[in-house]
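*Asks:* Swiss-Prot lists these features:
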BINDING   Asp270  S-adenosyl-L-methionine binding site
ACT_SITE  His313  active site, proton acceptor
Amino acid sequence: MFNLPEVATRLSQNVELLVDEIDKTGSQPNCGNPTLLGPKGLAARDEIILAAEKLLQQGRGPGPSLLSLLESAVDIGTIQTLIRLEVPDQVPPTGSIPYDALVKKLKTPVAPELLQRLIRFTRLAGFLDEDEEGAVKHSPMSAIFVSDPDSAGQARFMADFGIRPCSFIYESIKLDPSGEATRQGPLALMAREPGAREGPTFFEVLEKDPVNRNRWHDGMAVHNDSMVRHVADAYDWDTVKSLVDIGGSEGHVAAVIANAFAHIQITVQDRPEIIEKARQRVDRHRNITFEEHDFFTPQPRIADAYFLRLILHDWNDADCTRIVRQISSALRPGARLLIMDAVLPEPGEGSLQSERQLRRSDIGMYTLFSAKERSLVQMRRLVEDCDDRLRFEKLYTPPGSHASMLSWICE
């Protein structure tokens with residue numbers, strides 16, 4: 001049971017800390033972007049969120065708190081519906097629009113009264129709003145659909161593609177208690193043919209769905225923007241002269257490293273269609289070259305270091321083993337394997353808010369890929385079982401980063 005006065009005191013103290021950090025950095029308190037905050041500000045922000053949630057639980061009590069969590073399916077389903085109806089896209093950036101006019105702009109017919117019921121519910125959660133005349137206008141949350149294309153793409157992906165697999169978790173466990181069978185995972189079951197026991201993988205589904213494939217890339221852009229800035233500070237790059245960025249997309253991360261460390265020659269490897277786009281970029285860095293490569297085949301490059309950033313959490317243990325072993329074939333004594341991924345803490349270790357985010361990501365990887373986020377113990381076991389020459393060096397988590405850098409040296 002939470003101590004209510006103690007939680008309230010902690011909340012007040014951390015609000016003061018956060019306000020102080022906001023004043024120092026000049027960031028906006030309601031922008032939702034913590035990247036300008038220092039370690040103290042980030043910690044205070046997490047504590048405020050946690051304390052506020054504890055106060056809600058304390059105020060509701062155990063039973064109502066559980067029911068509130070389950071009832072949030074109504075919130076999610078209603079917001080999901082408004083996004084899929086493309087309602088936020090049809091609301092003007094400024095001003096408002098009457099319901100009768102709004103429904104005429106939608107591709108899917110819906111009665112004005114029903115649409116009004118949906119919006120009058122979601123506005124209580126901060127999604128869309130009404131003006132004094134009862135016409136629809138944007139809230140700060142819904143305004144991302146007209147002001148932030150990448151975040152909007154991520155939201156559309158979640159509404160159309162990311163939420164539904166969660167309802168198949170129980171059925172997936174009945175078919176595959178290990179959670180490792182890619183074609184029996186929650187998403188595979190969602191996308192399977194009627195009556196089938198197996199379904200397609202995430203990437204096979206996206207291959208046939210260009211709309212959600214683009215939304216997925218938009219979502220990754222949001223994810224990358226919030227994390228790329230940590231890469232340059234996550235490792236002592238002065239010790240590296242040649243680097244292979246495996247699965248490095250169009251070289252956004254490689255460019256951050258190359259701009260900060262001009263001595264490094266970087267080879268970015270990815271699928272042919274991605275490398276083709278990368279080679280067409282006008283802002284290519286002179287120290288970066290691009291190469292088509294399937295990371296399930298032997299690594300062709302000899303380098304000082306090999307970098308896997310946000311790759312392994314998309315794959316189950318068997319596939320991760322295949323990926324690391326293909327890199328291992330190219331390792332020479334003194335070469336390093338660098339993995340930047342989320343690292344699950346032990347229960348209660350560190351910030352509870354951070355742990356919640358990481359464990360949500362873990363279950364998200366399971367529902368979409370039959371994959372996982374891993375603890376340090378799990379990551380070390382996976383890598384070191386592939387090649388006994390690899391000796392673990394260290395783990396470093398940059399302040400404010402969702403991911404940690406892990407390094408091994410080949411002896």
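In case you wondered, yes, glycine gets a Cβ from its N, Cα and C as well.
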*Asks:* Using a 10 Å cut-off, grab the number of neighbouring Cβ atoms around the Cβ of the residue listed as 'active site, proton acceptor', all chains included.
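*Replies:* For the residue listed as 'active site, proton acceptor', the count of other Cβ atoms within 10 Å is 21.
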*Asks:* Identify, in sequence order, the residues in the chain of the residue listed as 'S-adenosyl-L-methionine binding site' that are 6 or more apart from it along the sequence and have a CB within less than 8 Å of its CB; answer 'none' if there are none.
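*Replies:* In sequence order, Gly247, Gly248, Ser249, Glu250, Ala278, Phe290, Glu292, His293 meet the Cβ cut-off.
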*Asks:* When DSSP is mapped onto helix/strand/coil, what comes out for Asp270 (S-adenosyl-L-methionine binding site)?
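*Replies:* Assignment for Asp270 (S-adenosyl-L-methionine binding site) reads strand.
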*Asks:* Helix, strand or coil at His313 (active site, proton acceptor), per DSSP?
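*Replies:* The residue in question, His313 (active site, proton acceptor), is helix (DSSP, three-state).
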